[in-house]
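The heme b binding site annotation in Swiss-Prot covers His87 and is backed by sequence analysis. Residues or ranges marked as domain 'Globin' in Swiss-Prot (evidence: sequence analysis): 1-141. Annotated phosphoserine per Swiss-Prot: Ser3, Ser35, Ser49, Ser102, Ser124, Ser131, Ser138, in sequence order, evidence recorded as similarity to another entry. Residues or ranges marked as N6-succinyllysine by Swiss-Prot: Lys7, Lys11, Lys16, Lys40. Annotated phosphothreonine per Swiss-Prot: Thr8, Thr108, Thr134, Thr137, in sequence order, evidence recorded as similarity to another entry. For Tyr24, the entry in Swiss-Prot reads phosphotyrosine.
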Amino acid sequence: VLSPADKTNVKAAWDKVGGHAGEYGAEALERMFLSFPTTKTYFPHFDLSHGSAQVKGHGKKVADALTLAVGHVDDMPHALSALSDLHAHKLRVDPVNFKLLSHCLLVTLAAHLPAEFTPAVHASLDKFLASVSTVLTSKYR
């Protein structure tokens, strides 16, 4: 459960991401594909090379979903319900992959926002991404 301080930290950090959200989402996906090659199996139709339009496009989708989650931090299950259905029933993404992408997002944010990425913000973002992952995997049960 996110504390009030966590919510404040997450919103402040995401505000700093600003217009770079899609770019950071794509970078996190690239990191995931390089670090955890098995994740590529969900994207057989994508050009997974550095800077590909498809990875950038999906990175923007990831960032948009996170922006939605930040904006509805007190009601993520409702806000992300359609996305949860999509990943559970149509795409059938293994839930572990959300943890892998979350890790890569944290690394990407730390690389781009070193001054803002304090231990407290790191912990809050980690809890937030874990909450998003829990919501996205809730329909698997």
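A Cβ is built for glycine as well, from the same backbone N, Cα and C atoms used for every other residue.
Sequence features, as recorded in Swiss-Prot, placed on the structure.
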residue: Lys7; record: N6-succinyllysine; Cβ neighbours (10 Å): 16
residue: Thr8; record: phosphothreonine; Cβ neighbours (10 Å): 14
residue: Lys11; record: N6-succinyllysine; Cβ neighbours (10 Å): 15
residue: Ser35; record: phosphoserine; Cβ neighbours (10 Å): 12
residue: Ser49; record: phosphoserine; Cβ neighbours (10 Å): 10
residue: Ser102; record: phosphoserine; Cβ neighbours (10 Å): 19
residue: Thr108; record: phosphothreonine; Cβ neighbours (10 Å): 23
residue: Ser131; record: phosphoserine; Cβ neighbours (10 Å): 19
residue: Thr134; record: phosphothreonine; Cβ neighbours (10 Å): 14
residue: Ser138; record: phosphoserine; Cβ neighbours (10 Å): 16
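The domain 'Globin' (1-141): residue composition by secondary structure is 110 helix, 0 strand, 31 coil, according to DSSP. Taking a C-beta cut-off of under 8 angstroms and a sequence separation of 6 or more, the residue listed as 'phosphotyrosine' has the following same-chain neighbours: Val17, Gly59, Ala63, Leu105, Thr108, Leu109, His112. Listed in sequence order, the residues of the same chain lying 6 or more apart from Thr137 (phosphothreonine) and placing their CB within less than 8 Å of its CB are Ser84, His87, Ala88, Pro95, Phe98. The closest partner of Ser138 (phosphoserine) among the modified residues, by CA position, is Lys7; the full candidate set was Lys7, Thr8, Ser35, Ser49. For Lys40 (N6-succinyllysine), the same-chain residues lying six or more positions away in sequence with a CB closer than 8 A to its CB are Phe33, Leu48.
For Ser3 (phosphoserine), the nearest neighbour among the modified residues Lys11, Ser49, Ser124, judged by Cα separation, is Ser124. Minimal Cβ crowding within 10 Å, among the recorded positions Lys16, His87, is found at Lys16.
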